[in-house]
């Protein structure tokens, strides 16, 4: 009860002071009841500084990843929005927006610092999305495949870390990450279905994008 | 350093050896990577310090038969489970328990080194107006607790430890007060304040905690600027600013997180500087300065929003003009 009041108050304050953060609760509500509308916290209260630091860095990089993916789809939509693949990309983009909202919520609730390089990921993501979309629909799908593969690999390694540490303690967080990883794998498969591999230089493009993603993950965990 | 052969004889030589060993171990600890090594070193160090302090105390309140930790007990204290240490030393005196047992059930004599240091530093604060932020102050504080003034040897950083302890204490007090106010607001028993007012009140509350020490505060500030103190003082400052913004309702997760905290850090630091050379009654000029700075920041934020809105409107206008041009020249039709 107090939790719900706290949630409501926080949303009010957020809307007044930081319009860019938590937004339309109804939009969140309508999409996925089990995950996004729980009124209890996803993380356990931290035992000590090391655990807080570990969880902080994990959530920071996840938030940065979803933010980047959001911007990549925005870039792709800017180029291909009015073509036939528009609705498909829009659908994947909406799912990424959901993920980002959820991470925004978690970061605000648990006082996790977002990464300093968000403006950089903003520009880089949009540029990557737009440039690969300029190669045509296959280019956009190839970019999707590469990025989603990196992200799902990253989520898998996080799941492994949490399972090794203490699966019971992190049940909700594990459930959340597993759900998001499944969404990302779905995007990856969608990309493959829509002729990602037929773009010229697919292997080179994919390797380059994945190297960039790995570097971004490494940096965001620390900065 | 050979643990097995060092005698725990009760004289000055032992004290000096103990303190040297403590420093060596602390250096060792900073190099050692494995966490299993440090509790052992910690415990041995604590054993030496505790032995040294207790032996030299003129008026030891813990003289209810606490023999110095023997090698056996120190060694077993290094074992991970407190129960095994307790089992093995159960024949000994009551407080010869594992150094990892923090519950305090075994009598008020028992405390960790950190707690002891905290007590000494808190006691030392009342002597700050007299001796300033120096090691003499810490010595005076230790003496009020019945410990020898040589216990200042525990504090590697000297006056820096005292200043950092004071700052941490003030920040904790502020966080507690803000949390209580937050609770009242959520229970509906108090009105929530607007951001500018909240920030002003929080910074004023925190700066008022400096008033008893304001005459010697410049000395403290200069201590905090020493290179080896800078990381710690920055950490305390960032915790302070983060706490204030959190209770002010900031839940941003973009670059605003950084700009807000940077702005508040600037406000806090400049107001602190104004305060140390303010001679008006009850620091009125300082609070007026603070008010103006916060107004400036709020204005800047509003201006930034306005600029962004104007920019977006301009872009839309240009796009409209471009599309009109394309229509007029007939380039917009699909062939």
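Yeah, the Cβs are placed from backbone N, Cα and C, and that goes for glycine too.
A quick note: this is a predicted structure, and the numbers were derived from the prediction, not measured.
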Binding-site annotation, TrEMBL, Fe cation 1: partner of A:96, A:99, A:184 in A:66, A:149, A:153, A:164: A:66
Fe cation 2 binding, same site as A:96, A:184, A:187 - TrEMBL member from A:138, A:148, A:168: A:148
Length of the line joining the Cα atoms of residue A:66 (Fe cation 1 binding site) and residue A:148 (Fe cation 2 binding site), in Å: 10
Shell of the Fe cation 2 site beyond A:96, A:148, A:184, A:187, same chain only (C-beta within 8 angstroms of their C-beta centre): A:69, A:92, A:95, A:144, A:147, A:151, A:152, A:183, A:185, A:186, A:188
Count of other CB atoms lying within 10 Å of the CB belonging to residue A:96 (Fe cation 1 binding site): 25
Integer Å distance between the CA atoms belonging to residue A:148 (Fe cation 2 binding site) and residue A:184 (Fe cation 1 binding site): 6
Which of A:66, A:184, the listed binding-site residues, has fewest other Cβ atoms within 10 Å: A:66
Secondary structure at residue A:148 (Fe cation 2 binding site), reduced by DSSP to three states: helix
